[in-house]
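Participant: Before I ask anything, here is the structure I am working with.
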């Protein structure tokens with residue numbers, strides 16, 4: 001995702017800057033990349049072990065934080081690379097799409113920051129930071145759109161490869177985390193494994209990486225705020241962007257209650273002051289070639305988005321799970337029953 005630090009109109013006389021990476025920043029970015037390579041490889045080792053055993057990617061609690069297991073099986077470290085390299089390639093191609101578009105319009109931008117995470121995917125994604133001025137709607141559209149378009153193309157290739165490597169057979173037991181296919185992967189699965197239900201597919205780690213890449217693409221293309229989809233929409237119509245942002249917040253809250261609690265977090269992010277889109281007053285119409293990026297991003301969003309990426313993960317279902325496990329809410333007061341008299 002491209003996160004602009006300065007987005008202002010073109011009334012100033014200061015010319016746009018070109019990107020000048022700082023040496024200390026490059027060291028930090030390289031360190032983040034190495035840490036993320038480590039965390040994604042550890043997660044990928046566990047995914048590969050489960051795949052070889054005929055299990056779903058996350059089959060038990062031991063798969064959530066597999067670092068102890070990974071150190072005990074350090075000799076199998078290379079087995080985690082198909083997952084980690086696939087996922088990092090999708091993320092880096094996405095961010096380099098933003099970066100190269102920024103350079104095309106002489107906007108100062110950092111190289112990607114890849115963010116490590118301890119579990120599930122091993123990463124929280126990647127960002128670049130725009131440090132120069134975005135002075136035209138054409139530049140905003142190009143920078144916002146070329147990231148998800150580039151990453152999506154790699155995710156398609158990864159999805160095709162991952163589905164070919166996955167095994168179709170008898171239905172497998174449900175995992176601790178249940179992954180749902182978006183439309184893109186449903187179509188690819190119907191093509192590669194016709195007449196095979198998703199429940200009978202043992203996911204190869206490359207397919208898991210492709211699924212995560214497609215999910216990240218859909219999250220970035222939410223048409224609101226300063227997400228990539230928000231930049232694209234603002235380039236076409238600032239007024240529509242304002243109304244879509246509020247409508248998107250309401251929609252995400254509803255989706256979070258029913259389908260996936262993560263949508264509530266996304267809605268809360270849109271309420272932060274830093275997610276408000278600054279004005280770009282330049283009114284030169286977009287060229288028809290550049291304007292094609294708008295429908296392309298809409299098509300990608302429809303192919304990659306799903307209201308419920310994880311099964312049984314809405315707010316209502318989560319509350320029911322907590323109640324079934326007998327965990328009391330912090331604000332719940334336990335009233336002792338009076339002693340029973342015989």
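Please read every residue number as a count from 1 along the shown chain.
Here the Cβ of each residue, glycine as well, is placed from N, Cα and C on the backbone.
It should be emphasised that the depicted structure is a prediction, and the values quoted were computed from it without experimental measurement.
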Participant: So which range, 175-194, 275-294, gets flagged transmembrane segment in TrEMBL?
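Facilitator: Going through 175-194, 275-294 one by one, TrEMBL gives transmembrane segment for 175-194.
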Participant: Under TrEMBL, the annotation transmembrane segment belongs to which of these stretches: 2-25, 26-49?
Facilitator: 26-49
Participant: Any residues 6+ beyond the ends of the transmembrane segment (243-266) with a Cβ under 8 Å from its own?
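Facilitator: Same-chain contacts beyond the ends: 219, 222-225, 230, 233, 277, 307-310, 313-316, 318.
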Participant: Mean pLDDT for the domain 'Peptidase M50' (83-238), as a whole number?
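Facilitator: A mean pLDDT of 93 is what the model gives the domain 'Peptidase M50' (83-238).
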Participant: Short question: most Cβ pairs under 8 Å with the transmembrane segment (69-93), which of 105-128, 140-163, 200-222?
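Facilitator: Ranked by Cβ pairs under 8 Å, first place goes to 200-222.
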